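Novice: Below is the structure I would like to discuss, written out as structure tokens.
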Amino acid sequence: QISKMFGTVVVGVGIAGLARIRDLMNPIPSSPSEHLKLFGFVSRRSFGNINEAKQISLEDALKNKDIHAAFISTENKSHEETIRMFLEAGKHVLVEYPMALSAKAAHELWEMAEQKGKVLHVEHIELLTEEYKQLKKEVAGKDLVKGTLHFTGSVLDENKSGFPAFSGIARLTWLIDLFGDLTVTSATREKQKDKNYSRMTVHFLTANKKPLTWIEERGPGMRREKKINFCFTSGCLENFPEAPRSSVGLFMQDQNLFAKKLLGQVSKEELAAEKWRILRCLDLAEVIQQFCEEPEKIYS
């Protein structure tokens, strides 16, 4: 019996797209990724070839019957439209987070994938890091009293990457994955245009009414860094636990997971939990954006 092969195309060749091309061309032997075959890549810029991968047009990628799946690595603002095109063409889709810049679009796309019987997979490499896996073990079974997750990073072009609650949804995903469902109680945003500086502060309550704070701060020359301060009844965690280096790259781990879904090797329960988490985070990102964009309340 010939093993099932899925022809794939990579759309967008920034850092993630190039990593995708590399990993598709070098699958780990005997891993699910061996069932993916790179057909080519699509880019607005003209490259010719990258390694042995050839550039093809978007029209060809959508029409070609030998292409079963698209890896979407374009800028955030074009994710929605690109996912829609490939789902409409009857292809499976892997997309880098965030899958869309509005909750409504995300729900529509998910429904569309389900109607067409296609896999829509959203990359969440932030949950695959060894640092995070150790943190999750450390937090498991503890009773939260309060906590803060503070991210700093360099400036993003918001027109391309979207509102910080969406571009920074990896942090929100951590909090939901660690502490369960959250409710937004307030959210504010400070911007200094002249300094190219932005700081978003979000306050949540857990299901047990414990406070969590997420700060997303970006400015010129700011180091990419996450700081945590999680206090439990048993004490506070202020540093990440020591974590080993993983032998398998993050994009490769994600690619294996996507291939497993295509092969029908992921349980219905896992898929349902993942769908809930992804859509819940996008719903919350939208609530946060609405809080931040509300006109200042004026008290007379």
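Placed from the backbone N, Cα and C atoms, the Cβ positions cover glycine too.
Note: TrEMBL annotation is automatic and uncurated.
Feature table excerpt (TrEMBL):
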type    : residues                                               : note
BINDING : Val13, Gly14, Ile15, Ala16, Ser43, Arg44, Arg45, Tyr97 : NADP(+) binding site
BINDING : Cys281, Cys292                                         : Zn(2+) binding site
DOMAIN  : 7-124                                                  : domain 'Gfo/Idh/MocA-like oxidoreductase N-terminal'
DOMAIN  : 132-244                                                : domain 'Biliverdin reductase catalytic'
Novice: Quick check for the class: what is the C-alpha distance, in angstrom and rounded, between Tyr97 (NADP(+) binding site) and Cys292 (Zn(2+) binding site)?
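Specialist: Approximately 21 Å lies between the Cα of Tyr97 (NADP(+) binding site) and that of Cys292 (Zn(2+) binding site).
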Novice: Among the binding-site residues Ile15, Ala16, Cys281, Cys292, whose Cβ has the fewest other Cβ atoms within 10 Å?
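Specialist: Result for the binding-site residues Ile15, Ala16, Cys281, Cys292: minimum number of other Cβ atoms within 10 Å at Ile15.
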Novice: Whose Cβ, among the binding-site residues Arg44, Arg45, has more other Cβ atoms within 10 Å than any of the rest?
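Specialist: Its Cβ has the most other Cβ atoms within 10 Å: Arg44.
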Novice: Spatially speaking, which of the binding-site residues Val13, Ile15, Ala16, Ser43, Arg44 is closest to Cys281 (Zn(2+) binding site)? Use C-alpha to C-alpha, please.
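Specialist: The answer is Ala16.
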Novice: Counting only residues 6+ away in sequence within the same chain, which have a CB under 8 Å from the CB of Gly14 (NADP(+) binding site)?
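Specialist: Within the chain, Gly14 (NADP(+) binding site) has Cβ neighbours under 8 Å at Ser73, Thr74, Glu75.
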Novice: Across all the protein chains here, work out how many other Cβ atoms are within 10 Å of the Cβ of Tyr97 (NADP(+) binding site).
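Specialist: Step by step: centre on the Cβ of Tyr97 (NADP(+) binding site), count other Cβ atoms within 10 Å, giving 20.
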Novice: Given the model, what does the mean pLDDT over the domain 'Gfo/Idh/MocA-like oxidoreductase N-terminal' (7-124) come out as?
Specialist: 97
Novice: Spatially, which candidate from the binding-site residues Ala16, Ser43, Arg44, Arg45 is nearest to Cys292 (Zn(2+) binding site), comparing Cα atoms?
Specialist: Ala16
